[in-house]
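The xanthine binding site annotation in Swiss-Prot covers L20, N27, K156. According to Swiss-Prot, the feature 5-phospho-alpha-D-ribose 1-diphosphate binding site maps to A128, N129, G130, D131, A132.
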Amino acid sequence: MELLGQKVKEDGVVIDERILKVDGFLNHQIDAKLMDEVGRTFYEQFKDKGITKILTIEASGIAPAIMAALHFDVPCLFAKKAKPSTLTDGYYETSIHSFTKNKTSTVIVSKEFLSEEDTVLIIDDFLANGDASLGLYDIAQQANAKTAGIGIVVEKSFQNGHQRLEEAGLTVSSLCKVASLEGNKVTLVGEE
């Protein structure tokens, strides 16, 4: 997605050789038109897979996931990082390590909203080591739901997340692939 790549290069802030900040359009302030294009692109890539639900994790995955859900005309379900007092029935849970925050969280999804009848598309904002996507895949497996694929907005291709997801047998679609953050500069795959 050329528009997304341009936005990452122009508005992304390199924190260090492993961390890219995209708060201006994805992780804090959201560019709704760009997220609409992200959702439309995921729809075009997975429209023939029988998607019944979009699955993501709070908070930064919600914007691209909700836009994808609009294009698929299906519900968007997000894993919660804390169990609310209103969740009185059963739930699926797994542990996910955040590369950016260097923190492990237990995330949950109510059994009421995910079942073996679902075919999910997992959407996430970033792919680094793949822990968030693998955690969501684990939740889908606990529900005996089918996972049609993983949609990633920004992939850091210099890390091993893509490989880990493919080794798990998952189809991965990354809309923007960052090859390097060296020299305080964003270099996309194909530009190196």
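Using the three backbone atoms N, Cα and C, a Cβ is placed for every residue, glycine included.
N129 (5-phospho-alpha-D-ribose 1-diphosphate binding site) and K156 (xanthine binding site) are 9 Å apart (CA-CA, integer value). Secondary structure from DSSP puts A132 (5-phospho-alpha-D-ribose 1-diphosphate binding site) in a helix. Apart from A128, N129, G130, D131, A132, the residues listed for 5-phospho-alpha-D-ribose 1-diphosphate, the same chain places the Cβ atoms of H97, F99, L127, S133, L134, Q159, G161, R164 within 8 Å of the centroid of those Cβ atoms.
The secondary structure of N27 (xanthine binding site), as reduced to three states from DSSP, is helical. On a Cα basis, L20 (xanthine binding site) lies 11 Å away from A128 (5-phospho-alpha-D-ribose 1-diphosphate binding site). With every protein chain in view, the residue among the binding-site residues L20, A128, A132 whose Cβ has the most Cβ partners within 10 Å turns out to be A132.
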